[in-house]
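What TrEMBL records for this protein:
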type: DOMAIN; residues: 208-422; note: domain 'Peptidase M12B'
type: BINDING; residues: His375, His379, His385; note: Zn(2+) binding site
type: ACT_SITE; residues: Glu376; note: active site
Amino acid sequence: MYLNLNFITCTMAFVLETVLLLLFRLAYAQNMQDIEIVLLPLWNAEDSAEMPLSFKAFDQSVELMLHRNDKITAPQFKIWKHSDTDIMEELELSKPISCHYLHRDDLSSAAVSLCGEHGVHGLIFLKNTTLEITPLQNQDISFFHDHYIRRRSELLGEPHIVKRTYSSFTFFEDDSDYSTQLHNYLTDENEIREPLENVNRNNINDALTLELALFFDETGYNIFSPFFDKNDEKIIDMLLAYINGVQAIYHHPSLGIAIDISLVRLEIMQKQPRVLPHHDGERGKLLDSFCNYAMKENPEDEFHPNHWDMGLYVSGLDFYVVEAGQKNSATMGLAVVGGLCIKQYSCVIAELGVTNQFGKPFPSAGFTSVYIAAHEIGHNLGMHHDSIGNTCPKDGYIMSPSRGINGETAWSECSRDVVQNLPYTKPCLKDRPTSPISSRLDHSKFFNLPGREWTAKRQCEVLLRDKDATVATLYKVCESLQCKTPHRNGYYFAGPALDGTYCAPGKECRGGECKNALQMYPGFIQQGGWSEWKTGSCKSGCLMKSTGAQTRRRYCDRPMPKNTETGCQGLHYDVVLCKDDNLCKKKRKSMSEFAALRCGEFSERLPELDAKGGGLQAPHERERPWMACAIFCRRKDIASYYTPRVELNDLGLDPYFPDGTWCHVEEGQNYFCRQHHCLPESIRFDKTLQNDRQRNDDIEFGPQNAHAGRLRLDNQVIKYLSLGPDGLPLLTSLSYGIGFPPDEDEWIDKDYVELMKPTEETSFESSYRIRE
């Protein structure tokens, strides 16, 4: 029997579309009258500057002739890097042939992206109807077998969702205007888009625009480059998320007027420029140095495409000021009040990635720094601290004199009043970029919801620069995210989570509050799935009666969870024992010999320890299972042995015996150290045991964030962490936790400089002074 091949193909396509639509309806259980699934081919955007697209949806045939849009990338955005040779070089942006297309005829208009293997993304505007096209990803229907998706015929095409809305859209006379309005909506590869009805909601003339140049210094680069595997692209993405976090703050409704941030220049300093000395972070000299540098680099002509309104210096240095002969490190930024639009003073500095001398994170260590940058930019716009020369309360808002780790995510009335006058007082904000920035480099790709891509876990990883870091709890995450890691005791506050961070089922953080998530269609929930375990090599301290240990890790990325934190139950990090006979060919050390060597190293950082006093292993305690795994060192000041668990918790100096160290025997069963706890050889970690261990550590250690001044332990805590000369504990319990949250008032700082009658002729160093 002869059957027409086209008939078979059409029939198969119809059946596949019908099956997909039924599965999609089952997956989302929602009204689908304005949803259809169609099969579209995948194109190579390099093939042609012109290509047809046709399909049928809602009983209507759509015929498009797509023309490549080559105007979508602005030439003025540049990324510069100071290399080890102290030469500034422009980074290659790998500009591909545009994969964005436009169509317009008498019946319809369209903007479509055909980028890589991501499928078709686009908007098609018909009379009184708009069609939105997005690929149907494998994870959109989690129970739809991957192998079935992979084996579908190239002849049939890839399934795409077509969503219909009944809204009209203006036809533009100029393709570039048309593209400008839509390119952000269409080009984000992470499918984070605003609802369709919001695309054309604002008149562009309503917003002010701050053209910004961002300078990331050598110290910051050296802090984050190892964490990001020396991948500059990852650093750039972090900085774009950082700026988008600042952008979200300046779009907070409490400000009254939205201020857009357009990134004109990004300069990454692998090597600090010779003409930009950092003065080890002395804030006044550093601000002078940066303002001079930025003024020389910034084209003078306001209408030059590379001109910027403000320079932002993001630094890994711990800023300080000397007051009354004492070094004060409470400052985290500095700016000239009202300096914007004055070329000598349109400059601010802010910390990022900074810890104290013991490695404990300051509020500026992670993404809380976006509030520090927003605060300093506020000063440069003309804002003063709340309660200073105004009637606004001291606490609770972004321009508070202190910047802690809780809340303060909205603008006060005093800040709002300043912004209302900016169109008249700061005319440079009325300029706008002439064309959009490349989507790969545009921070607006996060749509003011950077927390959707930079999740709570990733924010914790940045705070602690530890890829094993994770979220301790989602409780009040929008006010202050709590983080933990298996490599440190206690937990850490990361400050308010980024906008877009998951906070509860169907909700996300916005403006410091947990609100209903903005629905970016399709609004599906996808549970996460574990990757395979990756087991590290066997390592050993080669100690007497001991064995080896190896780490195991797995990641919640098969698939990544979407709009939920569920799906990855159990541990992501584990330590298992292994035989070390092949590793330990020489004579094994005793516990006291190993402890003595380590105590000598610890004494270089902690002068109260006796470098030659030796060390020992404590007896096992059931209530304190860490005791027999902690190294105890002889002190100089008192006749006791002390374990520096608190002081070395964040320094990378491990105050414990290696995992696999023998620590106890009971009823014929040996105990070995694993994750710093003395446990029976036969026991395996599970989520319950891990949670119990973490809970006990959290209660004992508490929050471990840095304080503005050095935190000194009281006598009770010192005794709790000490053994007498006989090796027996001096104190076995505490009535309170070791750590406590920093008081917000610890961070009160005058982080601004008053501008006193500036003139063009006044020298920069002497033209402003700190108001007494």
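Note: Cβ is positioned from N, Cα and C throughout, glycine not excepted.
All TrEMBL annotations are machine predictions without curation.
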Cβ atoms near His379 (Zn(2+) binding site) (within 10 Å, other residues, all chains): 24
Surrounding CB atoms that lie within 10 Å of the CB of Glu376 (active site), all protein chains: 27
Tertiary neighbours of His385 (Zn(2+) binding site) (same chain, Cβ under 8 Å, six or more apart): Met399, Ser400, Pro401, Lys750, Tyr752
Additional residues surrounding Zn(2+), by Cβ distance to the His375, His379, His385 centre under 8 Å: Ala335, Glu376, Gly378, Met383, His384, Met399, Pro401, Asp751, Tyr752
PLDDT averaged over every residue in the domain 'Peptidase M12B' (208-422): 92
Cβ atoms near His375 (Zn(2+) binding site) (within 10 Å, other residues, all chains): 28
